[in-house]
Amino acid sequence: VLEIPNVQLEDAGMYECKAENSRGRNVFRGQLQVYTYPHWVEKLNDTQLDSGDQLRWECKATGKPRPTYRWLKNGVPLWPQQSRIEMVNGVLMIHSVNLSDAGMYQCLAENKYNTIYASAELKILASAPTFPINQRRKTIIITKGQEVVIECKPQASPKPTITWKKGDKALRESKR
(Lines of atoms letter the chains of each structure in order from A and count residues from 1; the text may use other names and numbers.)
(Lines give C-alpha, C1' and ligand atoms only; values in the text may rest on other atoms or scores of the structure.)
Protein backbone atom coordinates (compact mmCIF):
# COMPACT_ATOMS: atom_id res chain seq x y z
CA VAL A 1 0.00 0.00 0.00
CA LEU A 2 1.31 3.42 -0.94
CA GLU A 3 -0.21 6.19 1.17
CA ILE A 4 0.14 9.86 0.27
CA PRO A 5 -1.24 12.05 3.05
CA ASN A 6 -2.37 15.60 2.15
CA VAL A 7 -2.23 15.06 -1.63
CA GLN A 8 -0.89 18.05 -3.60
CA LEU A 9 -1.10 18.89 -7.31
CA GLU A 10 2.56 17.94 -7.78
CA ASP A 11 1.75 14.36 -6.61
CA ALA A 12 -0.04 13.74 -9.92
CA GLY A 13 1.72 11.39 -12.30
CA MET A 14 2.39 7.76 -13.26
CA TYR A 15 2.97 5.33 -10.38
CA GLU A 16 4.06 1.75 -10.62
CA CYS A 17 4.10 -1.19 -8.25
CA LYS A 18 6.66 -3.87 -9.04
CA ALA A 19 6.30 -7.36 -7.52
CA GLU A 20 9.10 -9.97 -7.76
CA ASN A 21 9.70 -13.47 -6.44
CA SER A 22 11.73 -16.53 -7.46
CA ARG A 23 9.16 -17.37 -10.17
CA GLY A 24 9.25 -13.99 -11.91
CA ARG A 25 8.09 -10.46 -11.66
CA ASN A 26 5.16 -8.27 -12.68
CA VAL A 27 4.47 -4.54 -12.80
CA PHE A 28 1.23 -2.64 -12.34
CA ARG A 29 1.13 1.00 -13.50
CA GLY A 30 -1.52 3.55 -12.73
CA GLN A 31 -2.07 7.24 -13.35
CA LEU A 32 -2.84 9.49 -10.37
CA GLN A 33 -4.78 12.60 -11.38
CA VAL A 34 -5.24 15.33 -8.77
CA TYR A 35 -8.13 17.76 -9.07
CA THR A 36 -8.91 20.85 -7.01
CA TYR A 37 -11.98 22.88 -6.27
CA PRO A 38 -11.93 26.40 -7.66
CA HIS A 39 -10.75 29.05 -5.23
CA TRP A 40 -10.46 32.80 -5.61
CA VAL A 41 -7.24 34.55 -6.52
CA GLU A 42 -8.96 37.88 -7.23
CA LYS A 43 -12.49 38.92 -6.23
CA LEU A 44 -14.77 41.84 -7.06
CA ASN A 45 -15.12 45.07 -5.09
CA ASP A 46 -18.17 47.31 -4.78
CA THR A 47 -17.80 50.15 -7.28
CA GLN A 48 -19.29 53.60 -7.85
CA LEU A 49 -18.99 55.12 -11.31
CA ASP A 50 -20.18 58.28 -12.99
CA SER A 51 -22.71 57.77 -15.74
CA GLY A 52 -20.71 57.40 -18.97
CA ASP A 53 -17.64 55.84 -17.33
CA GLN A 54 -16.31 52.37 -18.17
CA LEU A 55 -16.61 49.42 -15.78
CA ARG A 56 -13.87 46.78 -15.73
CA TRP A 57 -14.25 43.99 -13.18
CA GLU A 58 -12.03 40.93 -13.09
CA CYS A 59 -12.57 37.82 -11.04
CA LYS A 60 -9.83 35.22 -11.14
CA ALA A 61 -9.90 31.69 -9.74
CA THR A 62 -7.59 28.69 -9.85
CA GLY A 63 -8.56 25.04 -9.88
CA LYS A 64 -8.09 21.84 -11.81
CA PRO A 65 -9.66 21.50 -14.27
CA ARG A 66 -9.34 25.24 -14.95
CA PRO A 67 -12.56 27.05 -13.95
CA THR A 68 -14.89 28.68 -16.44
CA TYR A 69 -16.75 31.91 -15.61
CA ARG A 70 -20.32 33.15 -15.78
CA TRP A 71 -21.84 36.47 -14.72
CA LEU A 72 -25.16 37.26 -13.08
CA LYS A 73 -26.84 40.61 -12.53
CA ASN A 74 -29.41 40.68 -9.73
CA GLY A 75 -29.46 36.86 -9.84
CA VAL A 76 -30.18 36.65 -13.60
CA PRO A 77 -27.59 35.43 -16.15
CA LEU A 78 -25.90 38.39 -17.83
CA TRP A 79 -25.66 38.26 -21.62
CA PRO A 80 -23.88 40.78 -23.82
CA GLN A 81 -27.06 42.36 -25.21
CA GLN A 82 -25.18 45.22 -26.82
CA SER A 83 -21.66 45.75 -28.03
CA ARG A 84 -20.96 47.85 -24.92
CA ILE A 85 -20.93 44.71 -22.69
CA GLU A 86 -18.00 42.27 -22.94
CA MET A 87 -17.34 39.11 -20.90
CA VAL A 88 -14.05 37.30 -21.53
CA ASN A 89 -12.25 34.86 -19.17
CA GLY A 90 -13.57 36.31 -15.92
CA VAL A 91 -13.39 39.95 -17.08
CA LEU A 92 -16.59 41.97 -17.34
CA MET A 93 -16.43 45.29 -19.19
CA ILE A 94 -19.33 47.67 -19.68
CA HIS A 95 -18.58 50.68 -21.84
CA SER A 96 -20.39 53.93 -21.05
CA VAL A 97 -22.37 52.79 -18.00
CA ASN A 98 -25.80 54.24 -17.32
CA LEU A 99 -28.36 54.01 -14.50
CA SER A 100 -29.79 50.77 -15.90
CA ASP A 101 -26.43 49.05 -15.26
CA ALA A 102 -26.64 49.61 -11.49
CA GLY A 103 -27.23 46.50 -9.37
CA MET A 104 -25.70 43.47 -7.68
CA TYR A 105 -23.35 41.42 -9.85
CA GLN A 106 -22.01 37.93 -9.24
CA CYS A 107 -19.12 36.18 -10.89
CA LEU A 108 -19.29 32.37 -10.86
CA ALA A 109 -16.14 30.30 -11.28
CA GLU A 110 -16.88 26.63 -11.83
CA ASN A 111 -15.31 23.32 -12.70
CA LYS A 112 -16.88 19.87 -12.50
CA TYR A 113 -16.17 19.68 -8.76
CA ASN A 114 -17.58 22.94 -7.44
CA THR A 115 -18.92 26.42 -8.17
CA ILE A 116 -17.83 29.48 -6.19
CA TYR A 117 -19.38 32.95 -6.16
CA ALA A 118 -18.05 36.49 -5.75
CA SER A 119 -20.45 39.44 -5.45
CA ALA A 120 -20.19 43.21 -5.77
CA GLU A 121 -22.55 46.15 -6.16
CA LEU A 122 -22.32 48.66 -8.99
CA LYS A 123 -23.68 52.11 -8.19
CA ILE A 124 -24.07 54.68 -10.93
CA LEU A 125 -23.84 58.30 -9.90
CA ALA A 126 -26.03 60.65 -11.90
CA SER A 127 -26.97 64.13 -10.75
CA ALA A 128 -27.65 67.49 -12.34
CA PRO A 129 -25.05 70.20 -11.70
CA THR A 130 -25.32 71.97 -8.31
CA PHE A 131 -23.12 74.70 -6.91
CA PRO A 132 -21.82 74.53 -3.32
CA ILE A 133 -23.00 77.36 -1.08
CA ASN A 134 -19.48 78.82 -0.76
CA GLN A 135 -19.42 79.42 -4.57
CA ARG A 136 -22.73 81.25 -4.70
CA ARG A 137 -21.55 84.84 -4.19
CA LYS A 138 -23.56 86.97 -6.60
CA THR A 139 -21.42 90.11 -6.39
CA ILE A 140 -17.66 90.41 -6.49
CA ILE A 141 -16.10 93.80 -5.77
CA ILE A 142 -12.63 94.36 -7.25
CA THR A 143 -10.40 97.38 -7.83
CA LYS A 144 -9.69 98.30 -11.46
CA GLY A 145 -6.35 96.93 -12.68
CA GLN A 146 -6.30 93.98 -10.31
CA GLU A 147 -6.79 90.35 -11.31
CA VAL A 148 -10.00 88.51 -10.51
CA VAL A 149 -10.57 84.76 -10.45
CA ILE A 150 -14.13 83.49 -10.59
CA GLU A 151 -14.44 79.75 -9.96
CA CYS A 152 -17.10 77.56 -11.50
CA LYS A 153 -16.90 74.12 -9.89
CA PRO A 154 -20.30 72.46 -9.93
CA GLN A 155 -20.86 69.03 -8.44
CA ALA A 156 -22.36 66.77 -11.10
CA SER A 157 -22.28 63.30 -12.52
CA PRO A 158 -21.32 62.80 -15.26
CA LYS A 159 -18.81 65.67 -15.34
CA PRO A 160 -20.48 68.69 -16.92
CA THR A 161 -19.18 70.92 -19.70
CA ILE A 162 -18.64 74.51 -18.59
CA THR A 163 -19.44 77.61 -20.66
CA TRP A 164 -19.19 81.25 -19.62
CA LYS A 165 -21.37 84.21 -20.61
CA LYS A 166 -21.20 87.94 -19.88
CA GLY A 167 -24.75 89.18 -20.12
CA ASP A 168 -26.16 87.53 -23.25
CA LYS A 169 -22.82 87.03 -24.99
CA ALA A 170 -20.67 83.91 -24.80
CA LEU A 171 -17.13 84.56 -23.53
CA ARG A 172 -14.12 83.39 -25.46
CA GLU A 173 -10.49 83.24 -24.39
CA SER A 174 -8.45 86.32 -25.20
CA LYS A 175 -5.12 87.89 -24.16
CA ARG A 176 -6.81 89.00 -20.93
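Here, residue 1 is simply the first one shown, and the rest follow in order.
Cβ from N, Cα, C; glycine included.
Tertiary proximity for the domain 'Ig-like' (1-28) is limited to same-chain residues at least six positions away from its ends with a CB under 8 Å from its CB atoms, namely 34, 36, 64. The domain 'Ig-like' annotation in TrEMBL covers 1-28 (among others).
For the domain 'Ig-like' (38-123), residue counts in helix, strand and coil come to 3 helix, 53 strand, 30 coil, using DSSP. The annotation domain 'Ig-like' is assigned in TrEMBL to 38-123 (among others).
Here the domain 'Ig-like' (129-176) returns a mean pLDDT of 81 for the predicted model. Here TrEMBL flags 129-176 (among others) as domain 'Ig-like'.
The list of residues near the region 'Disordered' (157-176) in space but at least 6 beyond its ends in sequence, with Cβ under 8 angstroms from a Cβ of it, reads 50-53, 125-127, 129. Look at TrEMBL and you will find 157-176 tagged as region 'Disordered'.
For 165-176, the entry in TrEMBL reads compositional bias 'Basic and acidic residues'.
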